[in-house]
Amino acid sequence: MSSIMEKTDVSSSKHSFTFEPSSDEVGKAAEIVDTHENFYDDQGDIDNPEELAELGYKQEFRRQLSLFGIFSISFSVLGMLPSVASTLVFGLWYVGYPGLLWAWLIAMFFLICVSMSMAEICSAMPTSGGLYYAAAVFAPKGWGPLASWITGWSNYIGNIIGQPSVNSSAASMILGAVTVNRPDFVIQRWQWFLLAVAIQCFNCVLACLPTRIISRINGVATYLNTAFLFIAGITILAYGGKNHNFVKGTKIWGDYINTTQWPTGFAILLSFNSPIWTMSGYDAPFHLSEECSNASVNAPKAIVMTAVIGGVVGWIMQIIVAYTLTDIDSVMNTSGSMWTAYLVQAMPPKAALGILSLTIISAIIMGQSALIASSRIAYSYARDGILPFSGWIGTVNPYTQTPVNAVICNCIISILILFLTFAGTVTLDAVFSVGAVAAFIAFTVPIAIRVFFTKDADFRRGPWNLGKFSRPIGLLAVSFVALMIPILCFPSVKNPTAQEMNWTCLVYGGPMLFTLVWYAISARKWFKGPKASAHYKRPGEESSDIVEGVQADIPSSSDQLKIKGDL
């Protein structure tokens, strides 16, 4: 493209005009470009493409996501209502009521630290590759490709597994809703599978739409998710107050019911699985940054907003559930969904069915947002030649200007994973359990390298940064994840059966071991990290040429000032 910005449409006016700049004005425009000021139109179509070019990539997406738009997708990925429903087992099963409250409260602090460290990196390197690009840049000389390879594959495994797990959960809740009015209904595995595939295909269609439409859909979805949370919380409290069924505060804050064979303190750490799994999607703004206006500011803000708002809302929901869960034994011993058993206990069947319906809608919204985020990861990796069939996957659709092929690829992989429904719940749960572990390993690798190996003088901070608190906050984030990853791989008993075993190590370690062997035998010879990472400009360095094949055209100053629109 010869010029990125030759005309700008101002949709709010009715008269056309053309502005021809004087030589002084052209000089001022050049000065603006040199100081990396944001230059984009009111629609957010263009946002400092030279900034992306300095990172080595060509602007291929339309930047139509505002701060609210990118936050909407990220918040939808968290899916607070279905996430609370799905992770109720982790909070209750290990230590009872306190697992709901203390796990969220303590873990939330450290998860926000992780989000802040990630956001700082995002501000400095707002690319779709995100974490794996940063790992290559921060790593000591010679280690960049391996650090990037590990981060990239861990991130992709976490996202590609997390997305079908959401749709499987939604399908399970739909079938579970049938049993509320028909207790004799027996759920068949083929029904579960076909329903999950139908939801997956529906989400695939939505994820293929242009960014502008995706932004609007997820904007509405955010309002719906917020309304559903409010309705669910008020309804639960209303029925609890009507029936005078509130649990005493001393019981929910201090009555530990340790069902594991580990010490109570360790069991509490096991219950951290609930907030960690819920928060494993707040990296979405990083991967959508190339579609976001003012990305170096809005994308990191969206990451932190998602973590803080999601954490607070999630904790409030945990408190509501804890105070209204009068018969904890019946919920913990149910053969079906704990969430369904809890709702039926807390309110009449029709009201329970209504709240369950809202949870299902939120889960479907969550699934499409997760597919959007995972497709951007696949696109960015294919752009750098990591994935098989990268030439096809890394293509941007010329009509929608979104990575449609990456969406289709991830949809196919998700459907293949859903075939594990026929292998039984133990196998399915084992696969779906690795999502949070894989995601947080990917989150932490670049943060750890930044904290321990990268000098402050070598880190070109973005406009959103932590200043002098960067390293301390990063150290807290890395320490928390380093502690939790092994713990999340433990079973709840000391001599587990196949059903009691935590298969996370095997299910995550197997694919990662395969990728490491692949790297050792073949990939190390041709994979040198993200193609553009070698062109990252550190403080004091001159701008380097954009890597061949991903060159971005920088508009001239006069081109940027040629504005044609409607007054």
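Note that Cβ sites are derived from N, Cα and C of the backbone, with glycine treated the same way.
Beyond its flanks by at least six residues, the transmembrane segment (65-85) meets 44, 166, 169-170, 173, 211, 214-215, 218-219, 221-222, 225, 228-229, 232, 277-279, 281-282, 284-285, 288-289, 291-294, 298-299, 301-303, 305-306, 309-310, 313-314, 317-318, 321, 337, 339, 358-360, 362-363, 365-366, 368-370, 372-373 of its own chain at Cβ-Cβ distances under 8 Å. Positions annotated as transmembrane segment by Swiss-Prot, on the basis of sequence analysis: 65-85 (among others).
Counting only same-chain residues 6+ beyond the ends of the transmembrane segment (92-112), those with a CB under 8 A from a CB of the stretch are 247, 251-260, 264, 267-268, 270-272, 274-276, 279, 304, 307-308, 311-312, 314-315, 318-319, 321-322, 325, 328, 331-332, 338, 476-477, 480, 492. Annotation source Swiss-Prot lists transmembrane segment at 92-112 (among others).
A Cβ distance under 8 Å defines the sequence-distant neighbours of the transmembrane segment (190-210), meaning residues of its chain 6+ beyond its ends; these are 62, 64, 164, 167-168, 170-172, 174-175, 217, 364, 367-368, 371-372, 375, 397, 400-402, 404, 407-408, 411, 414-415, 418-419, 421-422. Positions annotated as transmembrane segment by Swiss-Prot: 190-210 (among others).
Same-chain residues lying 6 or more positions outside the transmembrane segment (220-240) and placing a CB less than 8 Å from one of its CB atoms are 68, 71-72, 75-76, 79-81, 246, 313, 316-317, 320-321, 323-324, 346-348, 351, 354-355, 358-359, 361-362, 365, 369. What Swiss-Prot lists as transmembrane segment is 220-240 (among others), and the listing cites sequence analysis.
With a cut-off of 8 Å between Cβ atoms, the residues of this chain six or more beyond the transmembrane segment (302-322) that come close are 67, 70-71, 74-75, 77-78, 80-81, 83-84, 88, 91, 97, 100-101, 104-105, 108, 111-112, 114-116, 118-119, 122, 229, 232-233, 236-237, 247, 252, 275, 278-279, 282-286, 292, 342. As annotated by Swiss-Prot, transmembrane segment applies to 302-322 (among others).
Annotated transmembrane segment per Swiss-Prot: 353-373 (among others), in sequence order. For the transmembrane segment (353-373), the list of distant contacts is 73-74, 76-83, 85, 159, 162-163, 166-167, 169-170, 173-174, 176-177, 180-181, 199-200, 202-204, 206-207, 214, 217-218, 221, 224-225, 228, 231-232, 235-236, 281, 283-284, 287-288, 339-340, 343, 347, 407, 410-411, 414: same-chain residues at least six beyond its ends, Cβ to Cβ under 8 Å.
For the transmembrane segment (412-432), the residues of the chain that approach it from at least six positions outside its boundaries are 160-165, 167-168, 189-190, 192-193, 196-197, 200, 371, 498-499, 503-504, 506-507, judged by C-beta separation under 8 angstroms. The transmembrane segment annotation in Swiss-Prot covers 412-432 (among others), and the record cites sequence analysis as its basis.
The transmembrane segment annotation in Swiss-Prot covers 434-454 (among others). Sequence-remote contacts of a segment are chain residues at least 6 beyond its ends whose Cβ falls under 8 Å from one of its Cβ atoms, and for the transmembrane segment (434-454) they are 114, 117-118, 121, 131-132, 134-135, 138-140, 147, 150-152, 154-155, 157-159, 161-162, 165, 273, 276-277, 280-281, 283, 471, 474-475, 477-478, 481-482, 484-485, 488-489, 504, 507-508.
Annotation source Swiss-Prot lists transmembrane segment at 473-493 (among others), citing sequence analysis. Long-range contacts of the transmembrane segment (473-493) within its own chain (CB-CB distance under 8 A, at least 6 residues past either end) are made by residues 93-94, 107, 110-111, 113-114, 116-117, 259-262, 266-267, 269-270, 272-273, 276, 436-437, 440-441, 443-444, 447-448, 450-451, 466, 500-502, 504-505.
Annotated transmembrane segment per Swiss-Prot: 503-523 (among others), in sequence order. Residues 146, 149-150, 153-154, 157, 430-431, 433-434, 437-438, 488-489 of the same chain lie 6+ residues outside the transmembrane segment (503-523) yet bring a C-beta within less than 8 angstroms of a C-beta in it.
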